[in-house]
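Here's what Swiss-Prot has on this protein:
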ACT_SITE  C100  active site, proton donor
BINDING   P17, M18, M19, Q70, K139, H171, N211, G212, G213, G233, R234  FMN binding site
SITE      N97  site 'Interacts with tRNA'
SITE      K183  site 'Interacts with tRNA'
SITE      R186  site 'Interacts with tRNA'
SITE      R302  site 'Interacts with tRNA'
Amino acid sequence: MTKIFADSSINPLSVAPMMDHTDRHFRYFLRQLTRHTLLYTEMITAQAILHGDRQRLLNFSPEEKPVALQLGGDDPQLLAECARIGQDWGYDEINLNVGCPSDRVQSGNFGACLMAQPDLVAQCVSAMQKAVEIPVTVKHRIGIDHRDSYEDLVHFVEIVANAGCQRFTVHARKAWLQGLSPKENRTIPPLRYEDVYQLKKDFPQLLIEINGGITQTEQIQQHLSHVDAVMVGRAAYENPYLFATVDRDIYHKTNLVPSRAEIIERMLPYVEERLRHGDRLNQITRHLLSLFNGQPRAKFWRRTLSDSTLLASAGPELLQTALQAQKFPGVLVA
């Protein structure tokens, strides 16, 4: 029996923060498929929030909620200030990135390399929790390099939990900090789901969320028999229509499953609004390219959006043109 939860701290399903993917346009698009799944920003560094363009980095549409802000950093006080800003901006959760293995992130001493510094992570969590009233959570790997035993994982979680963190999102792969690219670190290290299941058994008072290699609703349901929540990553971007049925199948809501055409119709007012605010059409439509993934003539959809959205004159009507091309491929002028 699938658990049903209400607030963001115990939401049973989420979409992972993904650089260059989970921006406000993708989140708005995904919200047309699922009203309840917890969505995340891309990772935003503390320095960027404190010294950058906050409107550009943090603004989102109310329809995107519930939405969590993922932070990157290693300074407890700076992260606390960013958490306060995120709460004031209207985010439902603050998440600390302890999972990204990229060289650029490591050079700033945050991301996955922080798994070797659980006391520092605990200090960061404690400072952020004191600064805000919304949940503060941690996303991390199952281990790093040769610190990848189950005992190492328990040691990390225990220290951070003692600082007050109650929700842990565990990517069920270790990360190699040297020798593998971030993309390779998402596929080469083997998945160890059993370790995450065992973590829930050993820490029943904590909310444990599993992440890694999850691509189907049936897998989500299977994992929910072992842990509190499931986070879906690349599959949400490569096959977003997967989420059209989760409100029914995971949250047991009675809302109708939208068709792909209905989703496009729902996007049109948003596209018009964002264009009025100066956004470019391809900033939005690039997230829609995989909507027809696996469907007949899907290539006509992708080709229309990819070939045309760079045109300065392109407007919302291009989505309708692409939809017609997907249905009737002969309508396009070469």
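Placement of Cβ uses the backbone N, Cα and C atoms for every residue, glycine included.
Keep in mind that what you see is a predicted model, and the values were worked out from it rather than measured.
Spacing of M19 (FMN binding site) relative to R186 (site 'Interacts with tRNA') is 13 Å (Cα to Cα, whole number). In terms of Cα distance, the recorded positions that sit within 10 Å of N97 (site 'Interacts with tRNA') are P17, chosen from P17, R186, R234. Secondary structure at K139 (FMN binding site), taken from DSSP and collapsed to helix, strand or coil, is strand. R186 (site 'Interacts with tRNA') and N211 (FMN binding site) are 11 Å apart (CA-CA, integer value). Neighbour counts were taken as the number of other C-beta atoms within 10 angstroms of each residue's C-beta; across the recorded positions K183, R234, R302, the minimum falls on K183. The recorded positions shown are C100, K183, R186, R302; of these, the one with its CA atom nearest the CA of G213 (FMN binding site) is R186.
On a Cα basis, R186 (site 'Interacts with tRNA') lies 10 Å away from C100 (active site, proton donor). Between the candidate recorded positions, M19, C100, the densest Cβ environment within 10 Å is the one around C100. Fewest Cβ neighbours within 10 Å among the recorded positions K139, R186: that distinction goes to R186. Counting Cβ atoms from all protein chains shown, N97 (site 'Interacts with tRNA') has 22 others lying within 10 Å of its own Cβ. When the Cα positions of P17, M18, M19, Q70, K139, H171, N211, G212, G213, G233, R234 are compared pair by pair, the longest gap among these FMN-binding residues is 21 Å. Across the structure, P17 (FMN binding site) and K183 (site 'Interacts with tRNA') are spaced 14 Å apart at their Cα atoms.
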